[in-house]
Amino acid sequence: MNNFCRLFRRGYATKYSGRVVTEMDNGRSFAVEVQVPNNQQVDPRGYPLPRRDLVCKVVNILQSKTSTSLDPFIELSDYLETLTLTLTLSEASEILKSLHSTSLALQFFRFCPASIPKFRHDCFTYNRILLILSKSSLPDRIDSVRRILDEMERSRVRGNISTVNLLIGVFGGGEDLERCLRLVEKWELRMNRYTYKCLLQAHLRSRDSSKGLEVYQEMKRKGYQPDIFAYNMLLDALAKDEKVDQAYKVFEDMKRKHCEPDQYTYTIMIRMAGKHGKSDDAISLFQEMLLKNLAPNLIAYNTTIQVLAMSRMVDKTIYLFSKMVENDCRPNEFTYSVILNVLASEGQLGRLDEVVEISKKYMNKGIYAYLVRTLSKLGHASEAHRLFCHMWSFHDKGDRDAYLSMLESLCKEGKVAESLDLLSKVHEKGISSDTIMYNTVLTALGKLKQTSHLQDLYEKMKQDGPSPDIFTYNILISSFGRAGRVDEAIKVFDEMENSDCRPDIVSYNSLINSLGKNGDVDEAHMRFKEMEEKGLNPDVVTYSTLIECFGKSDKVDMACRLFDEMLSEGCFPNIVTYNILLDCLERCGRTAEAVDLYAKLKEQGLTPDSITYSILERLQSGSHRKFRSRRQHPITGWVVSPLR
């Protein structure tokens, strides 16, 4: 045992050589100058291996934030001067690899040939910096690669096939890609399987499926086989460019070359078949995927369900949906949107309950909310309300988004009683009522001129909360004014002035419109002046509203003065403003002024609408009746009125 241990014992001693430089007369003491041995190790081929301690030291100098020198490269130069051996190419490559900053790596790459005697970059160090640049997020990354490549060619450094592969991956297309292919010839290289794969992907990233297909054909001639990722990328590009026949040929090649398609391959082919109306092919592809024991993922299920829905196969759509749930693949919002759309288009929304029942293990508040919102947007308020009620009874807590969507849908359909009932029950499911909810219902009540409910809801809001905001007050002013209850509109306006809210332009516009439309033009004009005194600049709506009020009161001169004031204040009238004033002038028989105003309208670059042409038609016919009935326009077929 001892002999065995001695035989394989590893020696740790280091041998030194030296010479005696000083010796005492008695011979008992002397000084020796020791020569430090060259301990740099080499690999089996004789190339020196990187000195790890040296690499770590250089990296620490460059990345140290506590360097004594403002420039770490000055400190690095001082350190390198102490070495008996210069920095090798493999060590430079390791240092580049270890630096965390791309810009610092570039600086070091430039530093080496400029500051280290006899140092000259080779193919491997160029590849290292190119690889670093390819992974960086620098804004001038491509230009930096071009500069490195120019420098490489000027230095007559011959690259290898890895250099070309890196460059193809960086550039991706265009003239740069052509340059890569010229370098293959210049450096007398042979493209390998990986090079062709890089070239194929570069063309496809540039959305050039034709050139990608050419590279694929060249690969086949060379006996190279793409991997599954390259195949899928090519198939996807061909499918998007609607090159259906070529896609099918590549798909068949893929199977013959024993590169088994995966779920993504079949998803691409199914989507393409469905897009071109080949639903039977899509179903066959899906079944083929199942026969190969490839479990469809969410994308595969959604794609096939969409194909079936596009072909209006409701029964098969719901059946596949049931299989999706049965195989524990959770549907997402896209799945439900596709099914909802096909049920709505085929008049079978009653089967939505069947869909909900199938996926009941996945039904949560979020899914219910999405279904309610989608049904509301599609205009199916009754179905949305029924589903909402189901959610309301099924879950202990409600979903605010679904609640608000349902409230908006009911209001849009004019179902005020249901809206008020829903608003009163909001607290039952732990949802706090907010101003948006109240404003939604108040707007609906105002449009239907149900002022008694409007007043009651406003009082409830003030008593129980939430507090009215600027939108609440503006809705109320406009609603009371529309219903002819001007006193109530003024009262709300006064309440707003005494609250934390302050009237804005919309508030004054609503009040001025309410006063003017109900015959109190002088009060409307006073509010207009009050608005200006408070520093609120009237807008085109303010001026147009007041001009219309003056016009309806036969105060045409006041309307014209206000129009001139509007222009002088830099507020440009729109086509509605011009139509209002044109109608005023035409009704009073001031034809010449109306013609001049129309010329001004054209100078401003506005496009006349049907109302403008209706007024012009009356001007030409010379009809200035003060009272006219609404009639159908002979050209457009629209029922037009001189005022909107």
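Placed from the backbone N, Cα and C atoms, the Cβ positions cover glycine too.
Caution: TrEMBL annotation is automatic and unverified by curators.
Per TrEMBL, the feature domain 'PROP1-like PPR' maps to 196-357. For 192-226, 227-261, 262-296, 297-331, 399-433, 434-468, 469-503, 504-538, 539-573, 574-608, the entry in TrEMBL reads repeat 'PPR'.
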Tally of residues which DSSP labels helix, strand or coil - the repeat 'PPR' (192-226): 27 helix, 0 strand, 8 coil
Averaged pLDDT score, the repeat 'PPR' (434-468): 91
Per-state residue totals over the repeat 'PPR' (469-503) - DSSP helix, strand, coil: 25 helix, 0 strand, 10 coil
Residue counts (helix, strand, coil, in that order) that DSSP gives for the repeat 'PPR' (574-608): 26 helix, 0 strand, 9 coil
Secondary structure content, the repeat 'PPR' (539-573) (per DSSP, counts of residues): 26 helix, 0 strand, 9 coil
